[in-house]
């Protein structure tokens, strides 16, 4: 945390490693597109709730309509993305970060 | 035994249990890391429950069930925004924040900037967001006691607010983050248990057929199928384009506000590693998601079994829908005594909910006063840990006392907009500063300060000149705004500022950055490496 000069070198040294570039690439190439995707998906739902009420009101099964299904799908997609990210981070990010941490400790 | 006496007994059992946990926590609270961050020693599952306990306020339990019971589908829009918001926290904020910060939101913002201006701005924003939110909960507590216990006198309301205020101060001052976390965990378990029980009873009544529950709710509401579709409350056809834009604006503030709420952000510091922070958000998403699915059944169940008329007669905003449903379904399934017991249980849970949330808010704001404003701005980083914690405890007293007084005076005001405003400020001021700081190399002091003040200022100004403060009239032609009839100075057409103030917050942050020459690449390297790998991140306390 302190900005002692030798510590800065540790960060700069790690920053220069190809493993770090790979970690950064894997992290950003997952979280940025997925964030854009779920925000668009969510805004689509909000916009349809405002402007496409005929469509949202169509009944799918008994009293269950498109609006309810669409809303429940937002829950499903949220749970799915959370689970997907945790799997991805566990297998693709954590091992790299751990290696870099161990090397920095040495 | 009447339901009032039973509810008070159950609530006192909750208070007794949480006080025991708080005193136990105080014995394990030795240094600043214990007080601010619970020693960073909570497990992911514990912190996940506490995240749920911190986040599921009375507004979302009683409020959303009430909106669904009275206006049908539109209440569900709130739940979805509140849930999807957690993906922003999970993907972009939680882990990076855990790795680069220490105790408060400002730790991350000030990491590579001049600490004093940035901590001042972040502290001001933390206090404003937390106190708005706190005030709304306090006023809610006053209203709730009247509704649940039939105590309508001003004295009873004031006494309730004083009681809630004193308890939250005790939790925070005595137990610090550890005590507060345990209060939130116990509350989350009770709330999930109560909501699950009632949901199962309601679904059982309809043979676990969601469609028949929905059609009964639609027919009892008197609004037919429209009750199951969006548009009865937000963006109604009568409100025209402004109403629909307001819906988008609300949706944006909900989804982007959560990851900028200081009392939520400090929860990420209570676990040992960034990996645990990620896992605790996963737990949180699971708990919060299931909870909002339960409130959907509670809301439509209340419409079907209690009826919109009776709910609206009890409370115009529908806040008593869940307790009334508990009484009704208990009565149907177990007979009159069952109804009394369930009503009392849900009433006690509602109070526990308020207590857990206000304790979290008090902790977040007093931490920021002590760690940001006192230790770093006033004492320029020279305060000892002991002094800092003492100031945090004094601040908790002062903030608690101020909230009690304001809560009593605000009792007659319609304060529902305060929560929406807190989310808008968090999304417009805090989130742009946090995201820029974590991801934009060029970002600097001027950028952080302009993002926070610019976003916060736009949100507050737009709300002041919105119909919520002046000029909004109900169907009876009477003012439903903060100001009475005849006062109308609004020019901003939307009730929620997010649609304008969130982009403005990002724009201010961008302009502030590029107009300043400051550029510290070395500190960004440190932050980037630290946030992604955890090298140099704060460790858990050894004890």
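Please read every residue number as a count from 1 along the shown chain.
The backbone N, Cα and C atoms fix where each Cβ goes, glycine too.
Remember, TrEMBL labels are computer predictions, not curated facts.
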Which listed span TrEMBL calls transmembrane segment, if the choices are B:498-515, B:516-533: B:498-515
Winner by Cβ pairs under 8 Å against the transmembrane segment (B:391-410), considering only B:155-176, B:451-469, B:498-515: B:155-176
Considering the transmembrane segment (B:341-370), which listed stretch of B:47-70, B:76-97, B:281-306, B:416-439, B:498-515 counts the most C-beta pairs under 8 Å: B:47-70
Considering the transmembrane segment (B:118-149), which listed stretch of B:6-26, B:188-208, B:281-306, B:451-469, B:498-515 counts the most C-beta pairs under 8 Å: B:451-469
Intrachain residues whose Cβ lies under 8 Å of the transmembrane segment (B:6-26), provided they are six or more past its termini: 148-149, 167, 170-171, 174-176, 178-179, 181-183, 186-187, 190, 340-341, 343-345, 347-348, 351-352, 355
Stretch with greatest number of CB pairs under 8 Å, the transmembrane segment (B:281-306) reference, B:76-97, B:155-176, B:188-208, B:498-515 candidates: B:188-208
Proximity of the transmembrane segment (B:47-70) to the transmembrane segment (B:451-469), 3+ C-beta pairs under 8 angstroms: no
Folded-back contacts onto the transmembrane segment (B:498-515), same chain, C-beta under 8 angstroms, at least six residues removed: 245, 248-250, 252-253, 256-257, 423-424, 427-429, 431-433, 436, 440, 442-444, 446-451, 453-456, 458-459, 462, 492
